[in-house]
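Colleague: Sharing a structure with you now.
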Amino acid sequence: MIGVGTNGYATIGARKIGSGYDVPEGVDIRGRYDEEFAKILTKDALQFVVDLQLEFRNHIKYALECRKESKRKYNEGAVPGFDPATRYIREGEWICASVPPAVADRKVEITGPVERKMIINALNSGAKVFMADFEDALSPSWENLMRGQVNLRDAVNGTISFHDKARNRVYKLNDQTAKLFVRPRGWHLPEAHIFIDGEPATGCLVDFGLYFYHNYATFRQTQGAGFGPFFYLPKMEHSREAKIWNNVFEKAEKLAGIEKGSIRATVLIETLPAVFQMDEILYELRDHSVGLNCGRWDYIFSYVKTFQAHPDRLLPDRVLVGMTQHFMRSYSDLLIRTCHGRGVHAMGGMAAQIPIRDDPVANEAAVELVRKDKLREVKAGHDGTWAAHPGLIPACMEIFSNNIGNAPNQMKTVKREDAANLTEEDLIQRPRGVRTMEGLRLNTRVGIQYVAAWLTGSGSVPLYNLMEDAATAEISRVQNWQWLKYGVELDGDGLGVKVTKDLFGRVVEEEMARIESEVGKEKFRKGMYKEACKIFTRQCTAPILDDFLTLDAYNHIVIHYPKISSRL
Ligand SMILES: CC(=O)SCCNC(=O)CCNC(=O)[C@H](O)C(C)(C)COP(=O)(O)OP(=O)(O)OC[C@H]1O[C@@H](n2cnc3c(N)ncnc32)[C@H](O)[C@@H]1OP(=O)(O)O
Ligand SMILES: O=CC(=O)O
Ligand SMILES: [Mg+2]
């Protein structure tokens, strides 16, 4: 009889048997043992992940090295642009494999973390697609990741349910549900609870591998009409990274014995270098693509990161960097032209507003901002958009349906040939606007509260009536870093104050006091605000910009068994 000891290890009688999981050779599971997790972490499923890891680990390492090399060049003054060596791809006449009928209509997609109740609510929401997120919206703790896999398996099997005991409410799937897409983590994040050959596994291969292994057969029967599973792929910077994903898909298809081109993915264009690689990315994934998506929040973050050594391209207040800024509009226009020219969906992005329950006037104003954003997207030629909350779906659906009509999308009707004239400068033009003390304060208040939530297991949270996730928090962090590094003048206040370490130190202190009074002493004491403040402040003041907020913060949520907190 196998039981679980207090340290989380499985036991036979009193004998400890390693992690408790039955693992293939070379695999060491350092996360907590759980009977439910063991049904996901089967020996065969882990072997599937191992096969992916061993085949692709060097390609991934090389791609990450290339990112460093590009960063070095940008830091020496270069700016990203189109690659002359791949002009033949941009100018070539080719199209992607045709879109599977099951996902031809993606007018509104809801997104959310792979949390049980939210998965059910999202699938029942009336959206065409649900993007289940292991990425921006999820804090990648062992518990969240493994529970997420259990939840997705139950969702694909149609057996998922949730009992909210406090409200005595049982959640189940409706007859009609949204089509499921899954977003694994980015290439840069390790999975420190699973070691393969003595190294942490690559996070996204764990997310992809476990989900694919357990669900591909059922998914293709019940959801994909012979296609699938479907994915969203985040944070790529270059087509060589898309090529790795394409090879991962081909290998998975081969191992599963399903047709090449079954798996389909939408790539988020959410880094500045990637906007110059959109044709190339689609080309690499041409048998597996269902489009590109404007990941606007990471894109803004990436603008700051790419230009971290370019003081002539500093950002104004975060709230002023929206889709109507020239560089953002140019990016979405070019994305639409590129996708429609290659026969795939051009997806819009996420408006950050969420419903405001206790204030009807403010709520109407928030929904109106979402409507405006969606109207701009559909008129520009997008085929669909994202909604952060079920309460926004009717408004988004109405706008997309009214403007697209009965057709599933506007791939054939809106070509946006005018976007062919966009230049490299259009795509990197500095955003206009002022910088204010309130901008600095808001970044700080939001950044600290987001990190505190992330450290305690929540990767997406409502703050000041907006959705905040890893991407939006990154903007707050890098913007503070940039303003501090260049000692910018806060020119929007009429005070002419310069951002210095002293000023920032005072702002942090005052904003921490404000957070405490807003959330209450009890929650403040029990929460991880002080730890979050330390992490956020260190990153904002670091002499060299950290690549990702979540890489450093990840060390704080790794829990190895026997129970010790462990740094990579
Ligand atoms: C930059 C990017 O990458 S964007 C994509 C990643 N980000 C996301 O996916 C964010 C998704 N959205 C969310 O996580 C949430 O909407 C939040 C955290 C912003 C707000 O959540 P809450 O404060 O719980 O919202 P609220 O209390 O209004 O929720 C009301 C109901 O809607 C549900 N709900 C809210 N958002 C979602 C969602 N995205 N998916 C499914 N259900 C949802 C809640 O679970 C709740 O259900 P219940 O009434 O059955 O209990
Ligand atoms: O992932 C989406 C984004 O905006 O970032
Ligand atoms: Mg993103």
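Including glycine, each Cβ sits where the backbone N, Cα and C put it.
Pasting the feature list from TrEMBL:
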ACT_SITE  ARG183  active site, proton acceptor
ACT_SITE  ASP469  active site, proton donor
DOMAIN    25-87  domain 'Malate synthase N-terminal'
DOMAIN    179-429  domain 'Malate synthase TIM barrel'
DOMAIN    435-557  domain 'Malate synthase C-terminal'
Colleague: For ARG183 (active site, proton acceptor), which of the three DSSP-derived states applies: helix, strand, or coil?
Modeller: strand
Colleague: For ASP469 (active site, proton donor), what residues in its own chain, 6 or more apart in sequence, show a Cβ-Cβ distance under 8 Å?
Modeller: ASP136, ALA137, TRP297, TYR450, GLY459, SER460, VAL461
Colleague: Around ARG183 (active site, proton acceptor), which residues of its chain at least 6 apart sit with Cβ under 8 Å of its Cβ?
Modeller: THR111, MET131, ALA132, ASP133, PHE134, GLU135, ASP136, PHE231, TYR232, LEU233, PRO234
